[in-house]
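Take a look at the structure below.
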């Protein structure tokens with residue numbers, strides 16, 4: 001379980017995630033890096049779900065990005081098609097948020113590709129807490145950047161969700 005949150009504000013997109021990995025009801029590691037840059041540092045991804053499955057999906061998405069020269073939507077749709085048709089991929093239990101400087105998407109565990117209506121996406125066990133916090137911060141008048149809103153949302157989610165911690169990695173594009 002985890003918390004991954006993505007926020008768009010003032011032409012910037014930031015994705016952040018906590019670092020906790022659990023096995024059943026035990027914390028196995030607190031410094032997992034679930035948010036990573038790829039494709040010439042122009043795309044950022046964040047993963048939730050089974051760690052092994054998330055790594056498989058990350059690698060597949062990175063191959064699609066290379067094949068489609070960094071085109072985010074095309075790469076995500078092609079990955080979703082493969083996810084739905086490839087028998088071995090259908091059992092993967094992971095989802096991811098992918099973003100570049102102008103767009104961000106949720107690629108769900110069932111192979112759906114969702115472009116958000118709002119400027120926030122969140123996944124994982126703490127995702128709803130982080131999304132609510134980020135939306136509240138976006139709707140109030142403040143000078144917080146996308147990266148700062150992600151940091152605050154992750155702190156709040158980490159305080160509430162027992163499967164998320166306060167060891168955060170945040171990337172901005």
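Every residue gets a Cβ built from N, Cα and C, even glycine.
Look at Swiss-Prot and you will find 2 tagged as active site, backed by sequence analysis. Look at Swiss-Prot and you will find 158, 161, 164 tagged as Na(+) binding site.
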Exercise for review: Note down the number of other Cβ atoms within 10 Å of the Cβ of the residue listed as 'active site', including every protein chain shown.
Suggested key: 27
Check your understanding: Other residues with Cβ within 8 Å of the Cβ centroid of 158, 161, 164 at the Na(+) site?
Key -> 2, 3, 18, 20, 125, 126, 129, 154, 157, 159, 160, 162, 163, 165, 166
Point to revise | Distance [Cα-Cα, Å, rounded] between residue 164 (Na(+) binding site) and the residue listed as 'active site' | key: 5
Check your understanding: Once near-sequence residues are set aside, which residues in the chain of residue 161 (Na(+) binding site), 6 or more away, have Cβ atoms under 8 Å from its Cβ?
Key -> 1, 3, 125, 126, 129
Review point. Rounded to an integer, what is the Cα-Cα distance in Å between residue 158 (Na(+) binding site) and the residue listed as 'active site'?
Key: 9
Study note, to complete from the structure: The number of other Cβ atoms within 10 Å of the Cβ of residue 164 (Na(+) binding site), counted over all protein chains shown, is 28
